[in-house]
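Working notes, beginning with the structure itself.
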Amino acid sequence: MLGAARRQLGSGPMLGQVLRRLRPATAAAADAARAYSAAAKEMTVREALNSALDEEMSADPSVFLMGEEVGEYQGAYKISKGLLDKYGPERVLDTPITEAGFTGIAVGAAYQGLRPVVEFMTFNFSMQAIDHIINSAAKSNYMSAGQISVPIVFRGPNGAAAGVGAQHSQCYAAWYAHVPGLKVLVPYSAEDARGLLKAAIRDPDPVVFLENELLYGESFPISAEVLDSSFALPIGKAKIEREGKDVTITAYSKMVGYALQAADILSKEGISAEVINLRSIRPLDRATINASVRKTNRLVTIEESFPQHGIGAEICMSVVEESFEYLDAPVERIAGADVPMPYAANLERMAVPQVDDIVRAAKRACYRAVPMAATA
């Protein structure tokens, strides 16, 4: 996975020539979300991300991609397949293995009106570049009284994969959602990936785009509306994936799939679960969450990341502040184990929320008996 980058982005005159030849373009207006119609075909998350990048690069010459192995190798996960051949090495830039270096270059390019898309081979490596992300990209618009926009996307796989150890498995949703000036998106389906990435590239502010390695190869139904090149999803708006009346379940990224599986199991036991795909962590769609809780009177939050100071805690606080009198049961919060991710497969599974955990939590919220053996 960590093979040497095929090309190195130089400094000085070479970089200057590259940046000068990329012409800024007027940003496309944000498109309203389109209603989901009958599925026209299926698309993998990988294909959805690739097509979104391709179309946005075609529509706007100021958009360019940079990162380790994004060019000749076509990306560690093949998200940038075909883009080097189509757009050339000035817009698909292979970099050295120096996240701090190429992230700083990208932020500087965004200052000058370009629209960089920075790929991290894993978001764990974004820690090498966090000064540029937090202190440069996130704060510059505020510190310049709105005179400097930083239209940049930081994207790559986030969270647990399969047997890659503690230093390659962390979920950074809560980390980046804590920072004013950043927007944080967490796609689940192919529709999410395509619509949210397009919105992120068009946005005038820095966006952290957290993908999931285990979802890249998964296929989802996708409609003709979503395949339209003008399609984009609104940032800050959640999606109700499944309507229900007994309990609200919030989730993001891969956990949405687990929540839907749990809802199927619960329905066979007479519990109607409403599943909310958050899509956006910052801004968080508090209105949709609270409206659902006011209908179901119960809440279960799911996240893959550590429990303390997490997304679930923020959602719980929002419901306590806005809908406390509607709750008929204590909120149930499900999160990853409060330990670094183990390498052993059996321990790794125990450290990440599973479908059974969601089912048990929903039953507790609905005051349905849970066998003692199941809670052990």
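Every residue gets a Cβ built from N, Cα and C, even glycine.
Quick look at what Swiss-Prot annotates:
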- E99: thiamine diphosphate binding site (BINDING)
- I152, A200, I201, D203: K(+) binding site (BINDING)
- 1-36: transit peptide (TRANSIT)
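Spacing of A200 (K(+) binding site) relative to E99 (thiamine diphosphate binding site) is 20 Å (Cα to Cα, whole number). All protein chains considered, the CB of I201 (K(+) binding site) has 28 other CB atoms within 10 Å. In the three-state DSSP scheme, E99 (thiamine diphosphate binding site) is classed as helix. Cβ-based neighbour count (10 Å, all protein chains) for the residue listed as 'thiamine diphosphate binding site' stands at 22. Of the recorded residues, I152 (K(+) binding site) and E99 (thiamine diphosphate binding site) place their C-alpha atoms 15 Å from one another.
Taking CA atoms as the reference points, E99 (thiamine diphosphate binding site) and I201 (K(+) binding site) are 20 Å apart.
Apart from the site residues I152, A200, I201, D203, the chain places the Cβ of R115, V117, P151, V153, A199, R202, D205, P206, V207, F209 no farther than 8 Å from the centroid of the site's Cβ atoms, the recorded K(+) location. Looking at I152, A200, D203, the binding-site residues in this record, the fewest other C-beta atoms within 10 angstroms of the C-beta turn up around D203.
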